[in-house]
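Undergrad: Taken from Swiss-Prot, the feature transmembrane segment applies to 7-27, 38-58, 67-87, 95-115, 125-145. The active site annotation in Swiss-Prot covers D116, D132.
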Amino acid sequence: MRFKNRLFWIAAFIAFFVDQLTKYWVVQTFSLGETLPILPGIFHFTYVTNTGAAFSLFSGKVEWLRWLSLGVSLLLIGLALLGPVLDRWDQLGYGLILGGAMGNGIDRFALGYVVDFLDFRLINFAVFNMADSFISIGIVCLLLASLQKPPSSHHRPR
């Protein structure tokens, strides 16, 4: 039996694994609030927790985010299993989004928050994690996929 949408599953697994591994490393290595300058004033590892969405949007105790992560994950798994064979960019994009959604979703269900640690200070950006990065990269992949597809014609012949 041939495995349908193989790149989707590989991307999802790698994204999920990298996200969980990096969060585990941060929790084991740093105290909450501790920061390590990698490039001082530009990029730091800073251990914070986030009860909001990606990039600290909707900060606060937001219960619906755990269910959103679960719903997105289930929809993407259903698409990969039951839907058509996707092109490579779609598989990569949806797989990265699934890996990120599962990584943050598991944190929300198990901990009630997400571990964030990527701190770009040069642009004064919110602290985020690898799952957020994978979701963002996945969206870019889907945009690239949509640009490569020919526009569908909605004109009826006369």
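Glycine is no exception: its Cβ is also placed from the backbone N, Cα and C atoms.
Please situate the listed features within the shown structure.
TA: Same-chain residues lying 6 or more positions outside the transmembrane segment (7-27) and placing a CB less than 8 Å from one of its CB atoms are 45, 47, 76, 80, 86, 88, 91-92, 94-96, 98-100, 102-104, 106-107, 115, 117, 129-131, 134.
Here the Cβ of D116 (active site) has 26 other Cβ atoms within 10 Å, regardless of which shown protein chain they belong to.
A helical conformation is recorded for D132 (active site) in the three-state DSSP classification.
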Undergrad: Can you tell me which parts of the same chain pack against the transmembrane segment (67-87), counting only residues 6+ beyond its ends and a CB-CB cutoff under 8 A?
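TA: Counting only partners 6 or more residues beyond its ends, the transmembrane segment (67-87) has Cβ contacts under 8 Å with 4-5, 8-9, 12, 94-95, 97-98, 101-102, 104-105, 108-109, 145, 148.
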Undergrad: State the Cα to Cα distance, in Å, between D132 (active site) and D116 (active site), rounded to an integer.
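TA: Rounded to the nearest whole number, the Cα-Cα distance is 9 Å.
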